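First comes the structure, then the notes that go with it.
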Amino acid sequence: MSVYLQRCMGGVKGSSTTYFKKMTFGCFAPWAALELHRNGAYIAGMNYSAQNTLPFLKMHGLGNDFVVIDGRGDRPVPDMDTVRAMGDRHMGVGFDQLALIMDDADSDALIRFYNTDGSESGACGNATRCVADLLMRELVRDTLVLRTERGLLPCERVGDLIRVNMGQPVEDWAAIPLSRDVDIDALPLQGAPSAVGMGNPHCVVFVEDADAVDATRIGPELENDPLYPERTNVEFIHVLDRRTIRQRTWERGAGITLACGSGACAVAVASARRGLTDRVVTIKLDGGELHLDWRDDGVWMTGPVAYVFDAVWRG
Ligand SMILES: N[C@@H](CCC[C@H](N)C(=O)O)C(=O)O
């Protein structure tokens, strides 16, 4: 059985001291911590070797939380049982998605995303921004390109925020994917929602008051509707004005989350497509605000990212 060891600020000896002092003063060097774990370390009074250990970072974007694992080179990567075990909020670490960083010849890195239930997703906007921040720090650059299942995504630092181009929305019903040819802005479902693909499927439900919706009841019903053969993420929204939208999210494979980046892109697209908002909008999610700009070269999303801790999973 896997055992989860949380980092203990006072319990690390030797060369790690400097790192943790830096942490205390807010200067971050996340990969330094991973190197420490990789080489085996004395943590929280336990001496263990690097064998069967999986170093990871915990990060979040607006409370949409992630375990981030660096699988580049010959570093260890989790199997599916480990992904599910880590995702358990009571018996494991807990996350909305696990982001696995891999080598890629044509970009700065490839990222794969896994939901809490172990299913893989082609897109995760907030985790993409988190990984972009990590790698920009590592490469000492303010721009880079990440590959996800949907292609190459340019990322940039904008002050304290991270921006990613999530690409153009998928509007072809078969590619979203839907199970049949229907009007994507009036789906034959309750509330006539819109369908948008952002490398993953979304169902955008326009309601009077997103805060009043019973998302834990309606979310899973829509997630599993046969119209979406690969299930769907669900966004409940109401438009506040032409530049502001309120959004709550039920995520495929993860349930209620405090924010969903690809979902925010889908919301910006669906709402502009209906003529309700401009192409530049601020979206108010439970965990904070994202800024969306649907340009000719794709949907750009800007928002904050945060580090929570680093630790080692023992298998
Ligand atoms: N939180 C994400 C979306 C994660 C993937 C989703 N649950 C799916 O299965 O498609 C985001 O920020 O985009």
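Each Cβ is built from the backbone N, Cα and C atoms, and glycine gets one as well.
TrEMBL: automatically predicted annotations, no manual curation.
Keep in mind that this is a model prediction, so the values were computed, not measured.
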Substrate site partner of Asn64, Asn115, Gly125, Asn126, Asn200, Asn233, Glu251, Arg252, Gly261, Ser262 according to TrEMBL, chosen from Gln97, Gln168, is Gln97
Recorded substrate binding residues, Asn64, Gln97, Asn115, Gly125, Asn126, Asn200, Asn233, Glu251, Arg252, Gly261, Ser262 - maximal Cα separation rounded to whole Å: 16
Specify the secondary structure state of Ser262 (substrate binding site) as given by DSSP, simplified to three classes. helix
For Arg252 (substrate binding site), what is the tally of other C-beta atoms lying within 10 angstroms of its C-beta? 26
Taking the Cα of Cys260 (active site, proton acceptor) as the centre, which of the recorded positions listed as Asn115, Cys124, Asn126 lie within 10 Å of it? Cys124, Asn126
